Amino acid sequence: MFGLNKKDTSLLLIVAALVALAPIILNPFPEGSGMAQFNAGYPDLMQRFVIFGIFAIGFNILFGLTGYLSFGHAAFLGAGSYAGMWMMKLLSINVIPAIVFSVIIAGLISLAIGWISLRRSGIYFSILTLAFAQMAFALAASVLTPITGGETGLQTNLNDPRILPGFLGGGSSVDGNIPKPSLFGIEMTSSFEVPVAGWLWTFNWGYYICGIVMLIAFYIAIRIFRSPFGLMLKAVKSNQQRLNYTGLNTRPYMLACFVISGMYAGLAGGLMAAMDPQVGAERMQWTASGEVVLMTILGGVGTLIGPVLGAGLIKYFENIFSKINDNLLHQWFAFLPDGLEDLMVTIIHPFIGKGWHLTLGLMFMAIVIFLPGGLVEGGQRLRKMFGRKSEERAPKTTPAE
Amino acid sequence: MGILEVKDVGKRFGGLQALGNVNLDVAENTVHAIIGPNGAGKSTLLNCLVGKLIPDTGSVMFDGQSVLGRTPYQINQMGISRVFQTPEIFGDLNVLENMMIPIFAKRDGAFRLHAIENMMDEKDIVEAAEKMLVDMNMADKRYMHAAAMSRGDKRRLEIGMCLAQEPRLLLLDEPTAGMARADTNNTIDLLKQIKDERDITIAIIEHDMHVVFSLAERITVLAQGTPLVEDTPDNIKGHPKVREAYLGEAA
């Protein structure tokens, strides 16, 4: 189907089903129960899951296929956000021009940065991209204030010109002084809630728009992985020397890959602006670039689904683990004798709330050491452990990844 | 007039004159061996031919065109393929994919963005790769991870990848270095077969006299960066200057 082989088609369908049902799957605990805070099925977070999923898929096209580790992808994300924001200010509050333009701008910027950075490989390439991203961050925060809004950032405003006819944006409502982005009148923030028994499922328009975009992005990524172009990129990772002596100029391949990857980041940035119409320079900071590296490695470098899983895991930790506080811990350990309860809370305290980074760091270390292939390798091992019998019956096929 | 003409090529690394006035003429459709003791400049000469190094002086002409100033991939597109001392293959990919890459390169030139086409839909490419695997006697290994193969098989694959591009000149840099005797003999047989079946010129740099004398039709002996003699294998064997420079006093 869609020019994919059977295995990839089923992967795509599974991801599509997960995206469609996420508001239900991510809300396993009934509303009002003690565990309800572990529910991730609320629009804000689900949007972040898929947007960062797109970001990581794009990053993995570069890092996973060619092995070139870019430390500057946040610059493309930020550039996409700014570009999208300006489209919503100048053209229309409709998100489509914003998203399209964010991809184009990120593509142009990555073309310029890639043109220079790809003259070097290995650590020097990483440092060059990092330098460019930090430059972009510094520019956005200071010199380019008229365009980026400097440290205050950029927001949509009622007084923005918006030259395209108003009906494109529909009768979008206003939150304070900030018009809400919409798709032909459907606001990104609008959703309908379905209470089922104890559960509350929230189906949000913005999330589903992001989800559809992610599925398209995921589909294109699969096609790239299975294409002759993808084969050349894998060859770059495997043995650039041989490729040079095989009559291929690796530079245009690398540059095309870098630009595609940058456009994915721009797409993610544009969607971020479309979901929440405000953007600040911190989106370009190097920590954001580092985050996407972590997502990709956690999920599994060079695998199709890995980066999406990694993005989900990190965003879940960021939003859920960070909300656990000492009071909650005391509630959980209330069954213990007082002294022991305090001790447990003291021990766990550094790993929760603002300390979630510590938990993430430990988890990252554990995965890199014990599961170098990331979550995907973990899944494969589990399947091997439990599915040995079915594998014996199946004819031996070539591994795709 | 040979297919490859090297004239007065010199290369200096700091104080070391690696090559001084090398003249070499490789005739079309022959096997030409370049031998010499360690440090004679054999590898430097080869690197000058494939664009990895640019000689300080002299000229290198391939089929009437200068190769100097061209990058390795451009020289490859002119029709020169190179086999490395340690087999350089795409270890992360399977054997079939390894074989497809040079065929893509041959068809598409330096770049073609076919990012959303399906690799396996390229029937011509897959067929050509399969055919070359059969020619190389590796068809049963087509889905094998290339890195997992033996040294001899890797060498066989690498030679196959070079031949898949239908080069006019095949350069081999010590193709049997570090190989077991059986693998060496297999490689010799393979090269003999290639020589007999294809219109191809082979230039080979080699340490192993057994390999050289089984294959070469002409031999150039390099010593200290200059060619000592160039002659047929029979004449080289008995040449006193060669014995002295190459085989040493003991011989």
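Here the Cβ of each residue, glycine as well, is placed from N, Cα and C on the backbone.
According to TrEMBL, the features are:
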TRANSMEM  A:12-29  transmembrane segment
TRANSMEM  A:49-71  transmembrane segment
TRANSMEM  A:91-116  transmembrane segment
TRANSMEM  A:123-144  transmembrane segment
TRANSMEM  A:205-225  transmembrane segment
TRANSMEM  A:252-272  transmembrane segment
TRANSMEM  A:292-317  transmembrane segment
TRANSMEM  A:358-376  transmembrane segment
Does the chain bring the transmembrane segment (A:292-317) near the transmembrane segment (A:123-144), so that three or more CB pairs sit under 8 Å (pairs 6 or more apart in sequence)? no
Sequence gap of 6 or more, Cβ distance under 8 Å, 3 or more pairs: do the transmembrane segment (A:252-272) and the transmembrane segment (A:12-29) meet that? no
Would you confirm whether the transmembrane segment (A:12-29) and the transmembrane segment (A:205-225) meet the contact rule of 3 or more C-beta pairs below 8 angstroms, pairs 6 or more apart in sequence? yes
Near the transmembrane segment (A:123-144), which same-chain residues lie under 8 Å Cβ to Cβ, leaving out any that are not at least 6 residues past its ends? 68-75, 78-79, 82, 109, 113, 116-117, 150-151, 281, 284-286, 289
